[in-house]
Amino acid sequence: MKTPSNSTEVDFILLGLFSHTYAHLFLLSSVLVIFTTSLMGNTLMILLICREPRLHTPMYFLLSQLSFMDMMLVSTIVPKMAANYLMNTRSISPAGCGSQIFLFLTLAGGECFLLAAMSYDRYVAICYPLRYHVLMSPKLCAYLTVGSWLLGAADGLMQAGTILSFPFCQSRTINHFFCEAPSLVRLACADTRVFEFFMYICCILMLLIPLSLVLASYSLILVAVLRMRSSAARKKAFATCSSHLAVVGLFYGAIIFIYMRPKSHQPGKSDKVVSAFYTIFTPVLNPLIYSVRNKEVKGALRKWLKTV
């Protein structure tokens with residue numbers, strides 16, 4: 001019979017993503033390279049947006065917030081995972097576990113709403129170009145940004161606090177490389193049905209509603225683009241929107257796969273790979289996607305390099 005243990009005294013055990021083999025050591029090295037590249041790429045994106053006057057627009061202001069969230073997200077996960085591997089330890093304290101849950105949900109939830117705000121920005125820019133600076137005023141951008149952060153933080157605070165209040169069974173081993181809410185719920189010795197229902201409601205609010213807004217915005221954009229007479233304008237609109245949709249598809253798809261499944265689902269290696277995708281790989285893809293296909297960002301980078 002499983003007996004609860006004091007959730008404030010005993011550390012959790014993270015099984016991690018890699019084992020101690022040469023192949024997995026190479027994979028960890030690759031992850032650290034990706035982590036460093038992500039920090040450098042997102043930092044560079046923020047600096048370019050701050051330095052270049054031509055990038056002082058609503059679109060790039062929201063993009064700078066996305067880069068900042070990505071920097072924090074990857075920094076919440078990778079350093080602890082790498083430290084555990086290199087020090088040959090797997091433990092994480094309840095406080096550290098709660099901090100990971102709170103920060104991850106704050107950043108991931110905030111990014112969901114921020115991506116919806118960015119899709120609305122593109123909708124206004126393409127469908128109402130003459131009224132763009134009126135409809136996307138600095139005040140509205142500030143509201144959208146602060147709202148994204150606050151909604152994400154509220155979700156993270158409620159879920160982290162509730163999960164850590166559960167009694168946990170003798171097995172405190174988490175089959176993951178970081179403390180993720182669904183993994184901890186499976187270890188609880190309490191009846192978690194009410195909390196699971198609450199988690200599904202949060203998923204609808206934090207994932208499906210923003211995703212619906214994104215899809216609605218880009219559907220309207222597609223209709224507007226197909227009506228454009230200028231092939232150059234259509235090409236520019238498709239290039240911009242396709243990069244945004246790539247980010248949205250990668251991020252939302254992976255998170256929905258993990259969070260909108262029943263507790264009875266037994267986690268496996270595929271879950272870790274999917275989680276690694278939106279916690280490690282997506283943050284490095286965002287600056288690449290938004291810069292490689294963006295002439296204004298590339299122009300700002302060339303201008304900055306000439307002055308260095």
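Every residue, even glycine, has its Cβ placed from backbone N, Cα and C.
Any TrEMBL annotation is an automated prediction that lacks curation.
Pulled from TrEMBL:
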DOMAIN    41-290  domain 'G-protein coupled receptors family 1 profile'
TRANSMEM  22-48  transmembrane segment
TRANSMEM  60-81  transmembrane segment
TRANSMEM  101-120  transmembrane segment
TRANSMEM  140-158  transmembrane segment
TRANSMEM  197-225  transmembrane segment
TRANSMEM  237-261  transmembrane segment
TRANSMEM  273-292  transmembrane segment
Query = Near the transmembrane segment (22-48), which same-chain residues lie under 8 Å Cβ to Cβ, leaving out any that are not at least 6 residues past its ends?
reply = 55, 63-64, 67-68, 70-71, 74-75, 78, 81-82, 85, 276, 280-281, 283-284, 286-288, 290-291, 297, 300-301, 304
Query = Looking only at residues six or more beyond either end of the transmembrane segment (140-158), which have a C-beta under 8 A from one in the stretch?
reply = 58, 61-62, 65, 101-114, 117, 120, 202, 205-206
Query = Do any residues of this chain, six or more beyond the ends of the transmembrane segment (237-261), have a C-beta under 8 angstroms from a C-beta of it, and if so which?
reply = 108, 111-112, 115, 118-119, 122, 126, 180-182, 199-200, 203, 207-208, 211, 214, 218, 221-222, 224-225, 228, 271, 274-275, 277-278, 282, 285-286, 289-290, 293-294
Query = Over the domain 'G-protein coupled receptors family 1 profile' (41-290), what is the model's average pLDDT?
reply = 86
